[in-house]
Amino acid sequence: MARRQRVEAREMAVTMLSLALAALAALLSGCAAQPGIRFGYYDKTCPGAEGIVFRETARIVRASPDLAASLLRLHYHDCFVQGCDASVLLDSADGSPTEKDAIPNESLRGFDAVARVKDKLEKACPATVSCADLLALMARDAVVLSKGPSWPVALGRRDGRTSRAENCGELPPLYGNISVMIEVFAAKGLDVKDLVVLSAGHTLGKAHCSSFADRLYNGSIRSTDPTLDGRYADRLRMRCRGPSDSSAAAEMDAGSCGTFDTSYYRQVARRRGLLRSDAGLMEHPFAGAYVRRAATGRYDGEFFRDFRVSMAKMGAIGVLTGNQGKIRTKCNLVN
């Protein structure tokens with residue numbers, strides 16, 4: 001009897017897992033409805049592509065764990081400026097500043113890591129896998145390697161041919177209040193839930209002093225942002241000695257910046273979100289309620305599902321497909 005109950009319990013668990021995966025696939029398939037991108041896009045033309053990307057990304061993150069946050073951020077910064085077309089990777093061809101030269105992107109890292117993986121793909125499948133798809137895959141794999149969720153990535157994006165620094169005004173501002181952030185996300189087809197869910201990407205990595213010094217100083221005078229916990233502000237000033245301190249950095253999710261988890265929400269709920277945009281989440285009824293719920297640590301599975309869906313939505317912003325774009329063989333150069 002006991003053995004039969006164990007078997008039945010295992011069968012029920014498998015059934016529930018299958019139903020959960022089917023439900024997630026249905027949600028993500030809606031995000032992949034953009035014409036031209038789909039799951040399994042390289043199954044025939046480069047069947048080993050995702051394996052190559054994961055293995056190389058794993059080597060990169062093992063050697064430099066901080067790069068997990070950088071790879072996630074590259075995909076985010078790419079998609080918000082003229083869509084997910086890898087334009088953030090392009091160098092200038094005529095002396096005009098490109099996206100990577102813009103002020104919001106000056107601290108971006110991971111370009112060499114992307115180039116390394118792209119070279120591996122070119123050896124295996126020449127001129128087949130786009131840099132835009134590579135960014136989406138490396139972002140997913142960086143989250144997985146940081147103990148976060150995985151999700152199927154719809155592929156088939158083409159690479160853009162242009163990159164202009166002035167277009168980076170489309171990026172969500174670190175100093176933006178909640179109204180500004182909602183407006184910027186809405187312009188890309190993302191809602192308040194996507195905003196509060198994707199903000200949790202700040203559970204990984206560090207931010208330079210210049211990103212949060214305005215919450216600690218008014219000019220050269222100490223002046224704490226009232227939405228920032230006072231003791232936390234004092235600790236931050238020990239690292240960030242003044243608004244012109246360009247070398248210092250602080251963990252975005254203090255004590256857990258190398259693990260993808262809901263610790264970020266606990267920090268924000270305690271008024272210890274590092275950036276002004278983090279703190280602003282508590283000013284919105286829905287976003288604040290989501291933060292407080294996730295901060296309990298009892299809904300990690302729900303948050304992981306939400307993150308998968310929001311990442312898929314973001315990864316479908318303004319994609320180029322077919323002859324709208326091209327496959328760049330070097331991600332920093334137009335062929």
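Cβ from N, Cα, C; glycine included.
Annotated in TrEMBL:
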SIGNAL    1-33  signal peptide
DOMAIN    36-335  domain 'Plant heme peroxidase family profile'
DISULFID  CYS46-CYS125  disulfide bond
SITE      ARG73  site 'Transition state stabilizer'
BINDING   ASP78, VAL81, GLY83, ASP85, SER87, GLU99  Ca(2+) 1 binding site
DISULFID  CYS79-CYS84  disulfide bond
DISULFID  CYS131-CYS331  disulfide bond
BINDING   HIS202  heme b binding site
BINDING   THR203, ASP253, ASP261  Ca(2+) 2 binding site
DISULFID  CYS209-CYS240  disulfide bond
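All features noted in TrEMBL, drawn onto the structure.
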residue: CYS46; record: disulfide bond; Cβ neighbours (10 Å): 17
residue: ARG73; record: site 'Transition state stabilizer'; Cβ neighbours (10 Å): 22
residue: ASP78; record: Ca(2+) 1 binding site; Cβ neighbours (10 Å): 29
residue: CYS84; record: disulfide bond; Cβ neighbours (10 Å): 29
residue: ASP85; record: Ca(2+) 1 binding site; Cβ neighbours (10 Å): 30
residue: SER87; record: Ca(2+) 1 binding site; Cβ neighbours (10 Å): 25
residue: CYS131; record: disulfide bond; Cβ neighbours (10 Å): 31
residue: THR203; record: Ca(2+) 2 binding site; Cβ neighbours (10 Å): 25
residue: CYS209; record: disulfide bond; Cβ neighbours (10 Å): 22
residue: ASP261; record: Ca(2+) 2 binding site; Cβ neighbours (10 Å): 20
Worksheet item: Between VAL81 (Ca(2+) 1 binding site) and ARG73 (site 'Transition state stabilizer'), how far is it from one CA atom to the other, in Å?
Response: 13
Discussion item. Other than THR203, ASP253, ASP261 themselves, what residues in this chain have Cβ atoms within 8 Å of the centroid of the Ca(2+) 2 site's Cβ atoms?
Written reply: ALA200, HIS202, LEU204, MET252, SER256, CYS257, THR259, PHE260, THR262, SER263, TYR264
Practice prompt. Specify all same-chain residues, apart from the site residues ASP78, VAL81, GLY83, ASP85, SER87, GLU99, whose Cβ lies within 8 angstroms of the center of the Cβ atoms of the Ca(2+) 1 site, ordered by sequence.
Written response: HIS77, CYS79, PHE80, GLN82, CYS84, ALA86, VAL88, GLY160, SER163, ASN167
Practice prompt. May I ask for the distance between ASP253 (Ca(2+) 2 binding site) and HIS202 (heme b binding site), taken between their Cα atoms and rounded to an integer number of Å?
Written response: 7
Worksheet entry | Residues that sit under 8 angstroms from CYS240 (disulfide bond) by C-beta distance, when 6+ apart in the chain | CYS209, PHE212, ALA213, LEU216, ALA248, ALA250
Worksheet, complete the sentence: Same-chain residues at least 6 apart in sequence with Cβ under 8 Å of the Cβ of GLY83 (Ca(2+) 1 binding site), in sequence order, are GLY160, ILE317, GLY318, VAL319, LEU320
Item to complete: Would you mind reading off the Cα separation of SER87 (Ca(2+) 1 binding site) from CYS331 (disulfide bond), to the nearest angstrom?
Response: 9
Response to the item:
As a whole number of Å, the Cα atom of CYS125 (disulfide bond) is distant from the Cα atom of ASP85 (Ca(2+) 1 binding site) by 20
Item to complete: List which of the recorded positions CYS46, ARG73, CYS79, CYS131, HIS202, ASP261 have their Cα within 10 Å of the Cα of ASP85 (Ca(2+) 1 binding site), in sequence order.
Response: CYS79, CYS131
Worksheet item: Looking at the recorded positions ARG73, CYS79, CYS84, ASP261, CYS331, which has the shortest Cα distance to CYS46 (disulfide bond)?
Response: CYS331
Worksheet item: Within the chain of CYS331 (disulfide bond), which residues six or more apart in sequence place their C-beta under 8 angstroms from its C-beta?
Response: ALA86, LEU89, LEU90, VAL114, ALA115, LYS118, CYS131, LEU134, ASP159
Discussion item. Below 8 Å Cβ to Cβ and six or more residues apart, same chain only. Which residues does that give for HIS202 (heme b binding site)?
Written reply: MET252, ASP253, TYR264, GLY273, LEU274, LEU275, ASP278
Item to complete: Quick one: pull the CA-CA distance for ASP261 (Ca(2+) 2 binding site) versus CYS84 (disulfide bond), whole Å only.
Response: 25
Worksheet, complete the sentence: Smallest number of other CB atoms within 10 Å: among the recorded positions CYS79, VAL81, CYS125, that is CYS125
Discussion item. In whole Å, how far does the CA atom of ASP78 (Ca(2+) 1 binding site) lie from that of THR203 (Ca(2+) 2 binding site)?
Written reply: 19
